[in-house]
Amino acid sequence: MVRGTKRRRSSAEKPIVVVPVTRDDTMPVDEDLVVGESQCAASKPFAKLVGVRRGISSIDLADDHFVCGRGSDDAPTNFNFSQVAKDVGLYRFISKIQFSIDRDTETRRIYLHDHSRNGTLVNQEMIGKGLSRELMNGDLISIGIPALIIFVYESADADHHPEELTKKYHVTSHSLGKGGFGKVLLGYKKSDRSVVAIKQLNTQFSTRCSRAIAKTRDIRNEVEVMKKLSHPNIVAIYDWITVAKYSYMVIEYVGGGEFFSKVVDSKYNRMGLGESLGKYFAFQLIDAILYLHSVGICHRDIKPENILCSDKAERCILKLTDFGMAKNSVNRMKTRCGTPSYNAPEIVANEGVEYTPKVDIWSLGCVLFITFSGYPPFSEEYTDMTMDEQVLTGRLIFHAQWRRITVETQNMIKWMLTVEPSNRPSAVELMSTQWMKCADCRTAKQDILKSIKPISAAAPAALQTTQAGPVKKAKM
C-alpha cells in the first residue's frame with residue numbers, strides 16, 4: 001500500500017506504458033531500467049501522461065512503478081526530461097528523481113509520490129517531498145511552481161466526457177470557475193497543445209432570466225452571439241459540442257482571473273485603482289462596448305465578475321465574457337435580467353417598456369465607479385434607501401477616496417450613471433471625449449494592438465450537436 005497520501009478519492013481500475021527513453025548526453029540513464037515499446041507491448045496501458053508543454057512527449061503507463069526526473073548513474077529514471085534540457089525555465093526545477101507514479105496492487109489506485117525538494121504539484125497544489133497524492137482523471141501535474149504544467153493525467157477507462165469532446169481536446173479536472181449552469185475547466189487542444197477553457201453547461205438547469213429549462217437553443221443563442229464577435233477585449237469562442245444533457249463551449253483561455261479580484265485586491269487598500277490605472281482599463285472596456293454596439297449586440301450583464309484579466313500584471317488586457325444574456329439590439333428588449341447592483345433604471349423599473357443598448361453604458365458606469373473608488377455606487381449596505389430606490393433616483397455617494405480622482409473623471413462617471421437613457425452617453429460619445437485621449441488611454445490602445453496575434457486554437461472549428469440523432473456540423 002502507498003503511505004503518506006494527501007487525499008483519497010474513488011477511482012475505477014486503470015493501468016504504466018512507456019515510450020522509448022533516449023539517453024541524455026550529460027545525464028546518463030541506466031538502460032536496464034528504461035522500458036522500450038517492445039518490452040511493454042504485452043501490458044495494456046491503464047493511463048497516460050499527456051505532455052502539454054512543448055518538447056515533452058506523452059507517456060503511456062502500464063507498469064506499477066514509473067520514475068520521472070533528470071536521472072543519473074545513481075538515480076535511474078524511466079523518463080529523464082532530456083527533451084527539454086534547453087528549456088532552462090523548466091529544467092532548473094527538475095530533480096534527479098522528481099516524482100514517481102505508483103499503482104497500488106491491492107486497491108488498483110494510482111498515486112504520485114513527490115521525491116523533489118523543488119516540489120511537484122497536482123492541480124497547482126504542492127505535494128511535498130516524501131508525500132503522495134492519489135491521481136484522478138484530468139489532474140494537472142506541474143513542477144516547481146503552478147505555472148510549469150507538464151502533464152495531464154488521463155485514465156484509460158475514464159468516461160467523464162463525451163468522445164466528441166475528448167477526441168479533439170484534453171480535458172483537465174482543474175476548475176477555472178463555477179456558475180449556475182455548470183463549471184469551466186482548463187483544457188488543451190490535441191492538435192497543437194494550445195490551452196483553452198472548456199465551459200460545461202448542464203442543460204437541465206434553469207436560465208437566469210426566465211427560470212425555464214435551459215434548452216440547447218438557449219445556449220445556441222449565446223454561441224451565435226459569440227460567433228459574430230472578434231475583438232481583442234472580448235473572449236473568443238472556438239467550438240461548441242452538445243451531447244445528451246451537457247453542452248461544452250470551448251473558449252479562449254484567459255489566465256489572470258476576474259477583474260473583480262483585481263479591484264478588491266488588498267494592496268489597493270479598498271481605495272480603488274486610482275486615476276491612471278482606472279483610465280487605462282476604462283479605455284479597454286469602452287472600446288469593447290463600442291464594438292459590441294456597432295455590430296448590434298447588447299451584453300446586458302456587464303460587471304467586474306464578467307471581465308477577465310489576461311494575466312496578473314498590474315496593467316493587463318481585459319476580456320469581456322459571459323454572453324448568456326446578450327441579445328441582438330435590433331430585437332425588442334424588455335426582460336428584467338442581469339445583476340441588480342449593475343442594472344440600469346429602465347431595467348429595474350420593469351414596466352414592460354423596451355430599453356436600448358444604453359443599459360450597457362449604465363453597467364459600465366457602475367464598473368468604473370468601483371474601479372476608481374473601491375466600493376460600488378449602489379449597495380444594500382445603504383439602509384436609508386432600497387437598492388431599487390438608489391438606482392431609480394441615481395443617488396451617488398462620493399466618499400473620501402474620490403478626492404484623489406479628478407473632477408473630469410467624476411463627471412464622466414456621473415454622465416454614464418444618468419437615470420434618463422436619452423441623456424446618457426453612447427459608447428461612441430464616450431470614446432470621442434477628451435477624457436479618452438489621455439496618455440493612459442494611448443498606452444492602453446498600444447497594448448491592445450500588441451496583444452493581437454493569431455490564436456491557433458481558433459483554427460476552423462465546427463459546431464457539433466449530438467442528441468438523439470447523429471452529430472450535426474456547421475462551419476463557424
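Backbone N, Cα and C atoms are what each Cβ position is placed from, and that goes for glycine too.
Computed from a predicted structure; not experimentally measured.
Annotated domain 'FHA' per Swiss-Prot: 66-127, in sequence order. Look at Swiss-Prot and you will find 170-436 tagged as domain 'Protein kinase'. For 177-184, Lys199, 252-258, 305-306, Asp322, the entry in Swiss-Prot reads ATP binding site, with the evidence type sequence analysis. Swiss-Prot lists Asp301 with the feature active site, proton acceptor.
On the structure: features taken from Swiss-Prot.
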residue : record                       : Cβ contacts under 8 Å, 6 or more apart
Gly177  : ATP binding site             : Lys183, Val184, Glu258
Gly255  : ATP binding site             : Ser310, Asp311
Asp301  : active site, proton acceptor : Asp322, Gly324, Met325, Ala326, Cys337, Gly338, Thr339, Tyr342, Ser363
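Sorting each residue of the domain 'FHA' (66-127) by its DSSP state yields 7 helix, 21 strand, 34 coil. When other Cβ atoms within 10 Å of the Cβ of Asp322 (ATP binding site) are tallied across all protein chains shown, the result is 20. In this structure, Asp322 (ATP binding site) belongs to neither helix nor strand by DSSP; it is coil. Every protein chain considered, the tally of other Cβ atoms within 10 Å of the Cβ of Lys183 (ATP binding site) stands at 14. For Glu252 (ATP binding site), other Cβ atoms within 10 Å of its Cβ number 19. Around the Cβ of Glu258 (ATP binding site), a 10 Å sphere holds 18 further Cβ atoms from the protein chains shown.
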